[in-house]
Amino acid sequence: MMLGVIADDFTGASDIASFLVENGLSAVQMNGVPKQPLNSRVDAIVISLKSRSNPANEAVEQSLNAYNWLQENGCTQFYFKYCSTFDSTAKGNIGPVTDALLEALNEDFTVITPALPVNGRTIFNGYLFVGEQLLSESGMKNHPITPMTDANLMRLMDAQAKGKTGLVAYADVIQGAARVKERFAELKAQGYRYAVVDAADNSQLEVLAEAVAGLKLVTGGSGLGAYIAARLSGGKKGTNAFTPTKGKTVVLSGSCSVMTNKQVEKYCEKAPHFQLDAAQAINNPNYAEELYQWVTANLDAPLAPMVYATVPPEALKAIQNEFGADKASHAIENTFAQLAAKLKRYGVTNFINAGGETSSIVVQQLGFSGFHIGKQIAPGVPWLKAVEEDIYLALKSGNFGKEDFFEYAQGMFV
């Protein structure tokens, strides 16, 4: 059986791909929907889209295109991968995409499990937690694109999907896969189309991986993907992951998450750093060139130069109020994209990126068709190597990694 993964952003794609490889599957990550058939044999194909914050109709179209290609290339079970903090409001697209994939597969039931306990994302009684905080009380309530003000996954799903969402509670999950499958049958009989499944630690994800073996569509974060991979590989562990070659390196940080703010603050103590100015990104057509000149002048420093748009919540709100959230974010993303392209032409070979939107736009601009999956820098954040040439990327979702992430990643160079 070949697993086909449809990921709604690039950091999410590398997140789940790293867990698949770590748990014994051979996998390749594709940058968007390929135009040609896959010419290598693998256990899993991960397609990375840039659809997380898109209007529902656009996300559905992208996801169905990915599904069709995966099916044509031999995949028989499909995994819709979204963020472990859900990142989808009432206007979001997780519900519509899930519905579209169910209909394409002629199926009427699937699971909703964004849990990733290794990074503090757990589900209890259908509520999503980030560490000890409810999702709605965490830093995600201030997300610039998808502010998460409700932690109840049943309500979140019902607000955006066609069907009803039920719960497989912790008390059922700890009884094992047979009981979970019984609950699936009970919920289906009661007219539920989706089941949020509690997962307070990895043992519940291991149970769920067995319970969903017969489902053609599974949805969730990378945590469940890891245990599906472990089941498919028979518990084999991946051993051939690479680390990057030392070379010209840059850090680009666009995330405004709580952890990325801490990581940026810590890195600023040791490395050359330049804070991207939103007004300049919007109004100055030469801004990317000015940033490029600064980066290239600092490439010989002991630690890589960093360009960052990362700011605390209060500063982010001020930027959004002054310029508009969409206008500011698009200008900043476009500046990062132009800068990355210039730096690649200059000879930069290692790109460390923080933030899903930043990573997505940088990868699109660099134009690679796919990536080999390397060693993990942190859970869910592997090194990637472009299939076309020796360019290495780290694509970090906002809240992933420890405070020393940027320096630690460079310590892995060989």
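Even glycines carry a Cβ here, placed using N, Cα and C.
Among the candidates Gly220, Gly221, Gly223, Gly398, the residue that Swiss-Prot annotates alongside Ser255, Gly355, Gly356, Glu357, Thr358 as binding ATP is Gly398. Gly398 (ATP binding site) falls outside any helix or strand according to DSSP and counts as coil. The Cβ of Gly355 (ATP binding site) has 28 neighbouring Cβ atoms from other residues within 10 Å, across all protein chains displayed.
Largest CA to CA distance in the ATP binding set (Ser255, Gly355, Gly356, Glu357, Thr358, Gly398): 10 Å, whole number. The number of other CB atoms found within 10 A of the CB of Glu357 (ATP binding site), across every protein chain shown, is 24.
Taking Cβ-Cβ distances under 8 Å and a sequence gap of 6 or more within the same chain, the neighbours of Gly356 (ATP binding site) are Asp9, Phe10, Thr11, Gly12, Arg52, Cys83, Ser255, Ser397, Gly398. For the ATP site, the Cβ centre of Ser255, Gly355, Gly356, Glu357, Thr358, Gly398 serves as reference, and the other residues of the chain with Cβ at most 8 Å from it are Thr11, Gly254, Ser257, Thr260, Asn353, Ala354, Ser359, Lys396, Ser397.
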